[in-house]
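Asker: What follows is a structure written as structure tokens; I'll ask about it next.
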């Protein structure tokens, strides 16, 4: 099973693209009789604080369970290196530790999913706030099968980010702490939303890579029911 990681460049005229032509992600195809048949797609969102191990675990999941891995962070970073006007806008927002507008992020996901010969998508780093959820559901008319939440203590995430040495502009202590703050304020409410719907699958991401993946394999194995009952969410992330 080969891992497919998709990065898609956002064009300068993205915002001017007619939203109605892409709003249903082209997942409806014409049959021989002319009636529209919907392609059944399985989507899993992967949420966790910066440094929680989303990318590392997604690669393993994709390899073992046959998902196409779409990394929102990588898609956005790819655009920043393109030299486009939109890329410059995204770069400025990310450098400040803020969230890219939902319409831009969701449109990128729509375009990335189009034409992929797979019906299972692992979307890493999405949704990042409640607006992402609303825009995604409004435009795609879909919901995730479940949401994998990598719950990791902030001190462990900070240590990982400062030691990974990937040359990313947002891997400095000032921006990292801004990202933690945004995660707590913006992303945690989405976890609570999906938890109320019984869609959260939470694992302790503070353990070793192999230990975390062992927990994840149980969740993705066929026939396993790992629903978490609705409850008031308590996060291990603490704002410094």
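Cβ from N, Cα, C; glycine included.
Pulled these features from TrEMBL for this protein:
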- 51, 52, 53, 54, 55, 56, 164, 207: ATP binding site (BINDING)
- 77, 98, 99, 100, 125, 126, 127, 128, 168, 179: ribonucleoside 5'-phosphate binding site (BINDING)
- 132: CMP binding site (BINDING)
Asker: Tell me, if you would, which residue among 54, 207 (binding-site residues) has the fewest other CB atoms within 10 Å in the structure shown?
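Answerer: 207, out of the binding-site residues 54, 207, has the fewest neighbouring Cβ atoms within 10 Å.
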Asker: How long is the line from the C-alpha of residue 77 (ribonucleoside 5'-phosphate binding site) to the C-alpha of residue 132 (CMP binding site), rounded to the nearest angstrom?
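Answerer: That separation, Cα to Cα, works out to 18 Å.
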Asker: Just report the maximum Cα pair distance in Å for the recorded ATP binders 51, 52, 53, 54, 55, 56, 164, 207, no decimals.
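Answerer: Greatest Cα-Cα span of the listed binding residues: 17 Å.
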Asker: Can you grab the distance from residue 52 (ATP binding site) over to residue 125 (ribonucleoside 5'-phosphate binding site)? Cα atoms, rounded to a whole Å.
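Answerer: Approximately 10 Å lies between the Cα of residue 52 (ATP binding site) and that of residue 125 (ribonucleoside 5'-phosphate binding site).
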Asker: How many Å lie between the Cα of residue 132 (CMP binding site) and the Cα of residue 99 (ribonucleoside 5'-phosphate binding site)?
Answerer: 10
Asker: Consider the binding-site residues 99, 125, 127 and say which one has the Cα lying nearest the Cα of residue 51 (ATP binding site).
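Answerer: Closest recorded candidate to residue 51 (ATP binding site) by Cα: 125.
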Asker: Near residue 56 (ATP binding site), which residues of its own chain have a C-beta under 8 A away, given they sit six or more steps off in sequence?
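Answerer: Listed in sequence order: 209.
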